[in-house]
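For reference, the structure is listed below as structure tokens.
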Amino acid sequence: MAQPPPDVEGDDCLPAYRHLFCPDLLRDKVAFITGGGSGIGFRIAEIFMRHGCHTVIASRSLPRVLTAARKLAGATGRRCLPLSMDVRAPPAVMAAVDQALKEFGRIDILINCAAGNFLCPAGALSFNAFKTVMDIDTSGTFNVSRVLYEKFFRDHGGVIVNITATLGNRGQALQVHAGSAKAAVDAMTRHLAVEWGPQNIRVNSLAPGPISGTEGLRRLGGPQASLSTKVTASPLQRLGNKTEIAHSVLYLASPLASYVTGAVLVADGGAWLTFPNGVKGLPDFASFSAKL
């Protein structure tokens, strides 16, 4: 069984890195990464930069991406532009893309990684809470993709990788909001792959499973997630890590996947095949509510 690559829990760069791919795989490309200031998005930015790519990392929190950009540039020697941007606001997206194009003159890759999630029964989920997740995950993915298509990809081609989930593959308790949003993004991936393929634009999804060192796992799995029977009973019997997910995204974004479009690559150690759907846990959330 292949051993996972080394990773670190927090939003810090790897102390050492061994290239599994050619070090100049993305030499002088530019990647625009939403949600790039933390978690999976941060590690994607780092791995891309370790393969020669410059990055733009965008998040609502400017202090977060400023700190992240300093770490990333210091560890990799590549350029990283931090931008404050709310994916739900098309004017903010347009301004951010314009700034990125002014800085680099091009954008070759878009990684849609901004997302929101929490546990809540459907009957206790406020209308606004459901809408908020749909706005960030689904509308946000379309907004950034649409703006980049108009401003650069339509005339120059490009690659889009949408970070989704396996929640929509079957019914999952406490996740109607995130499952619906991510399933919609997977459908969007297929539609855009069909429409934009003739402009030399590839569009794919990457669906991670439970990943250590992420805010998502802390919210959904708790501090003992790695010891959960759900994890130990999954095919690979462990959590994934952020570097593994970044490697999968690197493949999809690179020339290695030049004939891959409209696909959903699941990188979850087979977890969705064996994880229970959470119905037995519903009584524990009987008095729970979410009113964002």
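Here the Cβ of each residue, glycine as well, is placed from N, Cα and C on the backbone.
Residues annotated as NADP(+) binding site in Swiss-Prot: 35-40, 60-64, Asp86, Lys182, 208-214. Neighbour list (Lys182 (NADP(+) binding site), Cβ cut-off 8 Å, at least 6 residues apart, same chain): Asp137, Thr164, Ala165, Leu167, Gly168, Ala207. Reduced to three states, the DSSP call for Lys182 (NADP(+) binding site) is helix.
The secondary structure of Arg88 (substrate binding site), as reduced to three states from DSSP, is coil rather than helix or strand. Residue density at Arg88 (substrate binding site): 16 other Cβ atoms are found within 10 A of its Cβ, drawing on all protein chains shown. According to Swiss-Prot, the substrate binding site annotation covers Arg60, Arg88, Phe118, Ser126, Phe127, Asn128, Arg219.
Annotated N-acetylalanine per Swiss-Prot: Ala2, in sequence order. Its Cβ placed at the centre, Ala2 (N-acetylalanine) has 6 other Cβ atoms within 10 Å.
Its Cβ taken as reference, Lys151 (N6-acetyllysine) is surrounded by 17 other Cβ atoms within 10 Å in the chains shown. In the three-state DSSP assignment, the secondary structure recorded for Lys151 (N6-acetyllysine) is helix. Residues or ranges marked as N6-acetyllysine by Swiss-Prot on the basis of a large-scale study or a structure entry: Lys151 (among others).
The feature phosphoserine is assigned by Swiss-Prot to Ser287.
Residues annotated as N6-acetyllysine in Swiss-Prot: Lys291 (among others).
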Checklist outcome for this item: Nearest to Asn128 (substrate binding site) by C-alpha distance, among the binding-site residues Gly35, Ser38, Arg60, Pro63, Gly213, is Arg60
Next on the checklist: I need the most crowded of these binding-site residues: Pro63, Gly213. Count other C-beta atoms within 10 angstroms of each C-beta and give me the top one.
Outcome noted: Gly213
Item to check | Which listed residue (Arg60, Arg219) has most other Cβ within 10 Å, given these are binding-site residues | outcome: Arg60
Checklist outcome for this item: For Pro210 (NADP(+) binding site), the spatially nearest of the recorded positions Ala2, Phe118, Ser126, Arg219, using Cα atoms, is Arg219
